[in-house]
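**Q** Sharing a structure, written as structure tokens. Questions coming.
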Ligand SMILES: Nc1ncnc2c1ncn2[C@@H]1O[C@H](COP(=O)(O)OP(=O)(O)O)[C@@H](O)[C@H]1O
């Protein structure tokens, strides 16, 4: 089973998926999940990106090279780029833009970056991309606004285990715009 966990930066992908890989056997099955933190992988392997975007302080990913590198992956692929790769189910983490902006500022992101991401979240950019590529029947939206990372991890686990139906359009953040 390949589950892509995507969402605007700051929605809590890293925090939630870290918990699924924990060695304390938090999964009911007691098994550890294979969790690929894609952004870390891109940063550590020079042939997975083409250039450094100095304005944004980020790397421009080479999607084709990453796809080759991932090969026949299994488990969880976590990144705001995760929905650009083959997967069986796609989880899209969501967060109210005002809250997202605060999370990003607290994480130390520049104001412009925090605002840009909050706007992109309000416009459903990543959700739309995921639905366009995979179809609604494979997309699972999870609102993290009032959930802590443990609760988000538990929801992702339900998706993995087939205990949750697909869901799209469960939030409306357009009030931010
Ligand atoms: N469910 C949550 N509730 C509140 N704060 C969170 C939650 N998930 C993550 N955070 C905080 O928000 C920031 C961004 O989280 P992170 O997991 O790095 O997001 P992402 O991987 O989606 O960019 C971090 O400072 C983290 O501590």
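Glycine is treated like the rest: Cβ placed from N, Cα and C.
From a predicted model like this one, the values you see are computed outputs, not experimental measurements.
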**Q** Taking TrEMBL at its word that 10, 12, 13, 14, 15 bind ATP, choose the one of 107, 133, 136 listed for that site.
**A** 107
**Q** For the feature region 'LID' as recorded in TrEMBL, pick the matching range from 84-94, 95-105, 106-116, 117-127.
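**A** It is 106-116 that TrEMBL describes as region 'LID'.
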**Q** Neighbourhood of the ATP site (10, 12, 13, 14, 15, 107): other residues with Cβ within 8 Å of the Cβ centroid, in order?
**A** 9, 11, 16, 103
**Q** Could you break down the residues of the region 'LID' (106-116) into DSSP helix, strand and coil, giving a count for each?
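**A** Each residue of the region 'LID' (106-116) counted once, the result is 7 helix, 0 strand, 4 coil.
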**Q** Please compute the mean pLDDT of the model over the region 'LID' (106-116).
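**A** In the predicted model, the region 'LID' (106-116) has a mean pLDDT of 96.
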